[in-house]
Protein chains: 2
Amino acid sequence: QSLSLLFHRTNFLSSSLQLRFTYCTSFSPFFLLWELVFISSVVMTGTGGQAQNGSVDVLDLLQGWGSGVGTYDDFNTIDWVREKSKDRDRHREISRKRRQSITALLLSVSDAFSGWLLMLLIGLMSGALAGGIDIAAHWLTDLKEGVCLNGFWFNHEHCCWNSKETTFQERHRCPQWKSWAELTVGVTEGASAYVVNYLMYVIWALLFSFLAVFLVRAFAPYACGSGIPEIKTILSGFIIRGYLGKWTLVIKTITLVLAVASGLSLGKEGPLVHVACCCGNIFCHLFTKYRKNEAKRREVLSAASAVGVSVAFGAPIGGVLFSLEEVSYYFPLKTLWRSFFAALVAAFTLRSINPFGNSRLVLFYVEFHTPWHLLELFPFVLLGIFGGLWGALFIRANIAWCRRRKATRLGRYPVLEVAVVSLATAVLAFPNDYTRMSGSELISELFNDCSLLDSSKLCDYGPLAKGGEPAGNLSEGTVGQAERPAGPGVYTAVWQLAMALLFKMAITVVTFGMKVPSGLFIPSMAVGAVAGRLLGIGMEQLAYYHHDWDMFHGWCSPGAHCITPGLYAMLGAAACLGGVTRMTVSLVVIMFELTGGLEYIVPLMAAVMTSKWVADALGREGIYEAHIRLNGYPFLEPKEEFVHKTLATDVMRPRRSDPPLSVVTQDGMTVEELEGLISDTSYSGFPVVVSPESHRLVGFVLRRDLVISIDNARRCQEGIVGVSRVIFTEHTPVEAQGAPPPLNLRAILDLSPLAITDHTPMEITVDIFRKLGLRQCLVTQNGRLLGIITKKDILKHMAQMANRDPDSILFN
Amino acid sequence: QSLSLLFHRTNFLSSSLQLRFTYCTSFSPFFLLWELVFISSVVMTGTGGQAQNGSVDVLDLLQGWGSGVGTYDDFNTIDWVREKSKDRDRHREISRKRRQSITALLLSVSDAFSGWLLMLLIGLMSGALAGGIDIAAHWLTDLKEGVCLNGFWFNHEHCCWNSKETTFQERHRCPQWKSWAELTVGVTEGASAYVVNYLMYVIWALLFSFLAVFLVRAFAPYACGSGIPEIKTILSGFIIRGYLGKWTLVIKTITLVLAVASGLSLGKEGPLVHVACCCGNIFCHLFTKYRKNEAKRREVLSAASAVGVSVAFGAPIGGVLFSLEEVSYYFPLKTLWRSFFAALVAAFTLRSINPFGNSRLVLFYVEFHTPWHLLELFPFVLLGIFGGLWGALFIRANIAWCRRRKATRLGRYPVLEVAVVSLATAVLAFPNDYTRMSGSELISELFNDCSLLDSSKLCDYGPLAKGGEPAGNLSEGTVGQAERPAGPGVYTAVWQLAMALLFKMAITVVTFGMKVPSGLFIPSMAVGAVAGRLLGIGMEQLAYYHHDWDMFHGWCSPGAHCITPGLYAMLGAAACLGGVTRMTVSLVVIMFELTGGLEYIVPLMAAVMTSKWVADALGREGIYEAHIRLNGYPFLEPKEEFVHKTLATDVMRPRRSDPPLSVVTQDGMTVEELEGLISDTSYSGFPVVVSPESHRLVGFVLRRDLVISIDNARRCQEGIVGVSRVIFTEHTPVEAQGAPPPLNLRAILDLSPLAITDHTPMEITVDIFRKLGLRQCLVTQNGRLLGIITKKDILKHMAQMANRDPDSILFN
């Protein structure tokens, strides 16, 4: 149904001109500063544009008088082949001129380096934005608890940073920081203080979430959600105007802070990718090379999505692999190298901002020191199974919920929905320490390996916290390193964590998909981290009380420190994230960059692999693919192979019962006939044949180009009337005396349409569409044109086949 | 000239059968052990093969009676489309049977997991081989100097390991280790000892290198060189039988040890990739899925090349990126994930072997602790420029030398050549400490940051070594950390390093390309490391003596430790390696994994980027591409874009002056006519058309398939004689009374040949060839078949265009 957007039509000429106009004028105020700084580059690319206009290329000539040929409507698919050809033409032109003058040589050099400059800009801007978002979200999150008297703009940690009245142990309690209860009713403990704090927490949460959803609704509807499904679709060649625009950027940045601060079960990682892509798209407008070419721009966006993950996790290599594995469609090696550069620049910008004050890029950076034992692979695989199960179930539940939202009245009140969910989250989250804290804090706490100085509940182990005698067979020297019995704090923590697990699992399902910016990484990781920590504590206690069991024999002797619950938490987080997103290499590399040790890659791989297998067995799609399908975007999944044994003839139009294919003959039609064909049909293009009888293919002409050209000719060219013949041949034939002059449109004819035979297996056809980025392909039989296959037909066919035989692609 | 190999013909039926026979029989003795261990998997894949034979697929049916249809000759290019279709057929068959019985279900599961098992095997085997090579090469290298009395199989370090008679300072001198002079003339010092040691060093070096070249010549000519150019070609779809066979594996492993130990200026990294690919290819024979499918096998080989780099540098992620960036042609995401797994397994296998006794995977692992300053980027970029210059010059010099070797009599005496070069190397290398040691030792020494306990000449700094008063303004507390004046040891070292630099630069040019296994990574890195260390020492002394200069103001105050010469060495090594190979991301990631700190990625990127730009400006090709072109392999570079504005009609055959295209008509030719066509022409296939007049395309038939089918039909089918009609239509027409029955060969007809129009730009055509992995493509004009373009035509055309306009692809 929504697929019809693909061939959606508007009064395109006017709308496209209008859009271009909007872009050009509204661009300057926002980027005045940048323009001043990079005036030189703008000037330089400006002249580059002139150089291009001087080209003899047909498309450019047409752009001179038509301005519209070669561009796309909103919700349309780009033609990769044409875009790449256009870029090569531009490039050839620059190369040709290079020899002629020094200026042209400099221009060609600046053209070559403009990609790097663009990457630098994206890296700097995204890093700065990510840092700002981190700081602002941290501050607003703390504002729910209290306020700093030294200045309301300090967060809790900053407020107490320089306070001399606190000890290291009590570093979170300083007189400058006042909870709301302290400020209003004047007490810090007791029931009334609790009630006031509770109330303020809920009110702030509601306020933040309301503001977020209001801003999104009012100014930038595209700013909601994680953005990754749409970015995947855009990168595959779809056009969604405004999705990566400046308003989306501004609103998404602000509302992301609000949404994270409101305490909803969502993360900032996915939206950061969207923010980085907005930066990329906006900076593309500084350079003609990227502004005018949809394919080149998508290369930049691929790099930008790497930048997003790089700043979200402080993992530049992981970010590049994420872009390669998960998001990108066309990812040449040149882009790989540039993505890496941009990701590094962004990571270093973020580090110099230092949002967490610990010179780390993420809150939950962790270093483990205890090696793991081969036998531990068993619980690790268990975590993988849990992650896979949770991932598959989450996707099903979330998709069902989103479908319900679309189908029922629920979808009509997005603000109310957010308010209700936010209220429920805040009310349920406050009583439990582990749900009250933000997602990243929770993950950080769970990943943490207990050191001797740690004062958290999770580290409240028997002999250490009580200061009593070492229990059991512990030798004196290893106290603190050795396995210890759990103290009361740990028991409380376990209980609270179990409740938090159930709560997070339920609330995340309804949260993802609401009309606020919402990432999935942090909630998924939180669920996994809680489960992993619980299993880790369980294993630890098992090892302590039953160290004589065979399975612990030899590696977990009394007095040894053998189980690291933090490692279990990390593996659980990776497994759950893997189950939800089906990332593999990039996930392992991101986690590797978070922990910084080759040691833990093997457990990580075990958990992530198991998780992926289990999740794939229960449902083939990751959450992003599921949302793409839910929204009906025309996305041709590059990872899955088409395995059915159908032929092109089964898929092509017209079907047997349909009217014959609408074709244009190369010299037999008049302007009126063509206009009639255009208004009668809604196809996005027409094959041009030698004659209706022979059906021998000459080329392909796009509807949009045809309409614009006829329109232009009628306005600008002398003597073009309804009965003028339209000619697509090389030489315009001499018309009979008195007849109007013919209109030769060979310039807009695509002389190299790809044609396949009717016996071509669909698996090969799908491969061709995917790899070459086609919009349509003609089908011939024994040299005669028989029909046409569009991307839409392929997607429909794939959906049909998948429904007919759902598990046929299971073991691939 | 060598391109003609592509369409090389042999008496293929017999030879292919013979080859298959050889493979089957000679396989068992070598892998008896493996077969015993993996008997279950062999059994399982054996039945998998039966399942496949039971398929109704036409190719399989033909294989039943013909055994040859669907395979390739040596020095031929595979058809990726067909191979992938074959695999999908196989896969579909397994999926279909899965529902029928439990056994089939298990088979399908085992089929799905066989890829992972294969990866595990490759990882284990390659890791073990790499460990063995490291240990053996270390031992043989030390054997040139002396022998251990405790057992001749101990290397120097092992020999002195447990010796109690030595101190830490003198840990390399223990009574158990005797130099050759000590053993023979009984003295350790003095002229006679020196002469004896010199002589023994030269003799051993000659012996090792002679053995290496002899073994290569006698048993496995393919074992010479680095192997990476050939592997790139193979991965792009070329067939070189035996290049990855078991003899190559055995001989390459042995001779690699000998070549490294002989002290020639070569490394083991490239050959390790070849060794890993041999392992991959050999293990493929255990699984029908991979044995029978050339495309699937190439996926495994891509992973294997990642494994090779993983064990060579102890960098699993870098290895995977190397495979992706440098070697692979078709690299689906599934392969990425599996490569990563295999690379990890290999790295862990190598670590458990622990060849260097320091639980590191490489000799030159290093950790730096001093941060770098922004101003240092200037010398870093200088190193990049040096690396780029050296890379470009090295490639030119080496290619010129290799061409000379091919053209002149030099090429006829490879053994003599190796002996002479080896003699020259040994004679010139011995007097200089830095050339006498092996390449990895040299790099390790140069990367090393001087600690207080270091006794090497390079760390002989003034105040420290002399124990005297701290010079200049140094404050007492920071001695050892602070910048120090160079002592006499450093001056000697600088002098020797300068000599070593010149020597290495010259000797590497003649060494690479000789008939022994020879990698380029280590020599290139050594050159760069020497240059970098020299620059680093220079900078350090500059900072010491001129710390009042503006450029050192603020960050390099007296008493501070600000310049790390080891870091300069590392950057120089990276820059030179980048200049020679043109690796980018993978190189940075490998170096990152060697140093283990995000800090140094920015200098690394600066050096590597500069190096690549400088080198690209002087010559577009990396050393591997240059060697591919030198050897005339049919390799379609996936990285470079074709930028010329030619059309398919300019490239296709037949040209205007040529005789018309040889075609087969679908129902008009007899067996005799076809046989005549086959013997008259040497094309590898023929288009099938409806009739010679209409020239409307029906399909494409491969020469090899045609010959085999006619041969089979003449032998096995009743009544097939010379005048029998050959039919390619769906329904066999009824023949006139008395005429022999027709032969229907529709089964071998490819009904989905790709056809493009004559106006298709070559840039798009090249893209189609590259992305779809085609062997040939038909050209039509207005629906009529006009000609054919093969991969060979495209390569010729590209070479022509590149010659005509050599720098047109410079700024891409």
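Even glycines carry a Cβ here, placed using N, Cα and C.
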Range among A:526-547, A:614-635 that TrEMBL annotates as transmembrane segment: A:526-547
Interface check, the transmembrane segment (A:567-592) with the transmembrane segment (A:300-324), three or more C-beta pairs under 8 A: yes
Surrounding residues of the transmembrane segment (A:244-266) on its own chain - C-beta under 8 Å, 6+ positions past either end: 26, 30, 129, 132-133, 136-137, 140-141, 143-144, 201, 204-209, 211-213, 215-216, 219-220, 222-223, 227, 234, 272, 274-275, 277-282, 301, 421-422, 425-426, 429, 436, 438-439, 504, 507-508, 511-512, 514, 516-520, 522-523, 526
Dominant neighbour of the transmembrane segment (A:377-401) in A:102-124, A:272-288, A:413-430, A:526-547, by Cβ pairs under 8 Å: A:526-547
Recorded stretch, among A:102-124, A:300-324, A:493-514, A:526-547, maximising Cβ pairs under 8 Å relative to the transmembrane segment (A:413-430): A:493-514
Long-range neighbours of the transmembrane segment (A:300-324), counting only residues six or more past its ends (CB under 8 A): 115, 118-119, 122-123, 126-127, 130-131, 231, 234-235, 244, 268-269, 272-277, 279-281, 283-284, 290, 330-331, 335-336, 338-340, 342-344, 346-347, 350-351, 360-362, 365, 521, 583, 585-587, 589-594
Maximum Cβ pairs under 8 Å to the transmembrane segment (A:526-547) - stretch from the list A:102-124, A:272-288, A:493-514: A:493-514
Secondary structure composition of the domain 'CBS' (A:748-806) [DSSP: H/G/I, E/B, coil]: 26 helix, 18 strand, 15 coil
Composition by DSSP (helix, strand, coil) of residues within the domain 'CBS' (A:652-718): 24 helix, 16 strand, 27 coil
